[in-house]
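Residues annotated as active site in TrEMBL: D428, E437. What TrEMBL lists as domain 'Glycoside hydrolase family 9' is 49-278, 295-450. TrEMBL lists 26-48 with the feature region 'Disordered'. Per TrEMBL, signal peptide is recorded for 1-22.
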Amino acid sequence: MMAPMLVFVLTVVLLRIEPIRGLESGASDTRRRAPEASSTPAGPPPKRYNEALRLSNLFYYAQRSGKLPANNPVPWRKDSALLDCVVGGFYDAGDHVKFGFPFGAAMTMLLWGVVRFRDGYVYAGQLDDVYTISKWGLDYMVNSWDPFREELVIQVGDGDIDHQFWGRPEDMTMPRPCLKIGVNRDGSDVAADYAAALAAGSIVFREKGDVQYARELLLTAESIYDFAVNNRGLYSNTLSAAQQQYYRSTNDKDEMCVAGVWLFKATGDDKYLYQAELAAVRGHREAHVRGGYRSFLKGWQPGGFVQYTPCGLAWSEQTYWGSNRHAANVAFAALVAAEDGIAPEVNRKWAAEQINYILGDNPHDGGCFSYEIGYGNKYPLRPHHRAASCPDPPATCDQRNLNTDNPSPHILYGGLVGGPILNDGYNDTRPDYVHNEVALDYNSGFQSALAGRWRCNTLL
Ligand SMILES: *[C@@H]1O[C@H](CO)[C@@H](O)[C@H](O)[C@H]1NC(C)=O
């Protein structure tokens, strides 16, 4: 997945610095409170981070697949894909495949944000919603695993078939094949992603007091991780040649390490720490890892290995697709680093600048344009998203709804679109999936950064 090095280095550091007990005590709740608005005296208007966080949860609600509960807050989304081999979960992006690989990574990032910045969710009144979102994803993971046959469903739908269709998920009739991994069907990368998310989820729900559910999540995480340890191999090997173009995997070490770390955090069992080290960083001492972490973040600051748009978005050539998401992921990383005492002021300030760029400190459309849909009064009106582009039924929805310049009939609240090119340029056009699509993983680091962002306020 994107920025595997980042996730890998971060989780290792996180593990070293934050002992298990911190997770159970809800210690983070005691941190100081700060006013919601940035106290920057002049310049762009202050941002409403709590509002941005509320919207981001709404994006995940809009992506839900399966039988929706009566309290679904997105009125234009209904039950869909009820015949999938595993019902539920989330649609990946503007399309309707349930791709397990980015989904697992996104869930891990999101849950990591809840573990580290639970107080930010409390402060924003968004804790219940992030629990609901998390449970929706975690239930789907549990239902995807058959511990007796050692089979894990890691994808529902086929990218090529799915992308032929432009319409509502509620109206799908195309085949939605069920892709499983198992013994002799490689996929330890995706399996480990799921194990990481489930272990992080067990911490979140244990803290919440849902002990039974937390235990179920942890047992599933351990079972899937054991399977991954004993059946190493890339899920890309299991895909057909045609399918390999979507979210190709090149290495499972980062996922194996991340999963081991989260399992160690969730259980306190040294065996997982050992396995995490074995997967990736054997022999590295904490000082080493902290050094790597520090230099990774430095590399994203001015003068480092990434470029900057004229208005200040950190922009990497490698990651031109969905530029906002990479900056937001690293912003979350920087906020976690700050919590752990790594250059707190520099990292918080930098993270705040990246998030502020996304929420409006940018030149698009005369300025104050938010790349998060629905935030403020200027934001993308034509995201590359099938469901939002379709009028209410019984009106038809097809390729014409993709290609029209009209704004989408539904506002996809909270979706973070891909983002600008290196010169800050961006067009709000629906066919441009590189710069104007949304995705589960785009919002995950962004949302986690928003949850941690309010702690910066007194520093700026
Ligand atoms: C936006 O559209 C214009 C006109 O088609 C094009 O010249 C420009 O390169 C586009 N910018 C981006 C960032 O795609």
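Along the chain as shown, the residues are counted starting at 1.
Backbone N, Cα and C define each Cβ position, glycine as well.
When the alpha carbons of E437 (active site) and D428 (active site) are compared, the span between them is 10 angstrom. In the three-state DSSP reading, D428 (active site) counts as coil. Annotation for D428 (active site): spatial neighbours P380, L381, R382, N436, criterion Cβ-Cβ under 8 Å with sequence separation of six or more.
Mean predicted confidence for the domain 'Glycoside hydrolase family 9' (49-278): the pLDDT average there is 97.
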